[in-house]
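Here the structure is laid out as structure tokens; the discussion comes afterwards.
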Amino acid sequence: MGLSGKNVIFVGGLGFIGYEACKQLMAKNMASFFVFDVLDKPENIKALQALNPKTKVYYTKFDITSKQSIKSALADVVAKVKYIDALINGAGILTDPNVELTMNINLIGLINTTLEGLPLMDKNKQGRGGVIVNIASVLGLEPCPPAAVYCASKFGVMGFSRSIGDPYYYNITGVAVVTFCPGLTETPLKNNIGSKYTFEYSKKISEELNSTKTQKPEVCGAHLAQVVESHENGGIYISNQGTLAKVTPTVYWQPTYH
């Protein structure tokens, strides 16, 4: 799906990977670009707008842990531009000692934003179809002992995204669901692996993991922008060490419908 003339929302667009992706997306000649974030960085919003005057950039102060904040922010988008064509869910933290906050931001908030946004995009309701890109992690595909809680949240994102990305839903709504899985990327979140781990015993392997090869946020952001345009329902992509690759998950069981 080309983004020219489209209305796009990026939740968590002022983080490191998110902001780099936002800069890439500004080259796509979107009609409107809504950046939702708890961070307030007016200079970054101005910098985005300066990249392409053809795209109107909006900033919304956003609390992903609040259903009311989610509902109000999405309603404001519809009031301004009528249609939502792409929704990117990119808010995330890595702080295993705080289980509730990790789950509320990484998983529950993403679920609530998706469930609130998808009906607004549904071609059978008030939308015209589109794409939702949920940002999971390579740690949503494989376990990582020093970040067990973070892993659990991202495994949840993966299961949720694959479920609502079923062709059954896509054929009805016209809304594709794609999952994007960054590998280790040079951001403060990556650095938290070495300090905000699951157990005291995790320190050694956390530090070892934190010292392995990474990629720049600019590279990961460019990959994310590419995935947003793919519009491939059910697609799962890994961005790791500078390479973007499609993933085909192993299927152990499939539901049978009668």
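Going from the start of the chain as shown, residues are counted 1 onward.
Glycine is treated like the rest: Cβ placed from N, Cα and C.
Some features that Swiss-Prot has for this protein:
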type	residues	note
ACT_SITE	Y150	active site, proton acceptor
BINDING	9-33	NAD(+) binding site
BINDING	S137	substrate binding site
Count the Cβ atoms, other than its own, that fall within 10 Å of the Cβ of Y150 (active site, proton acceptor), considering every protein chain shown.
27
Which of N29, S137 (the binding-site residues) has the most other Cβ atoms within 10 Å?
S137
When you rank I9, A21, F33 by Cα distance to the residue listed as 'substrate binding site', which of the binding-site residues ends up on top as the closest?
A21
If you count the other Cβ atoms within 10 Å of each Cβ, which of the binding-site residues I9, I17, L25 comes out on top?
I17
Give me the CA-CA distance between G13 (NAD(+) binding site) and Y150 (active site, proton acceptor), in Å, as a whole number.
20
Which state, by DSSP, holds A21 (NAD(+) binding site): helix, strand or coil?
helix
How many neighbouring Cβ atoms, not counting its own, are there within 10 Å of the Cβ of G13 (NAD(+) binding site)?
31
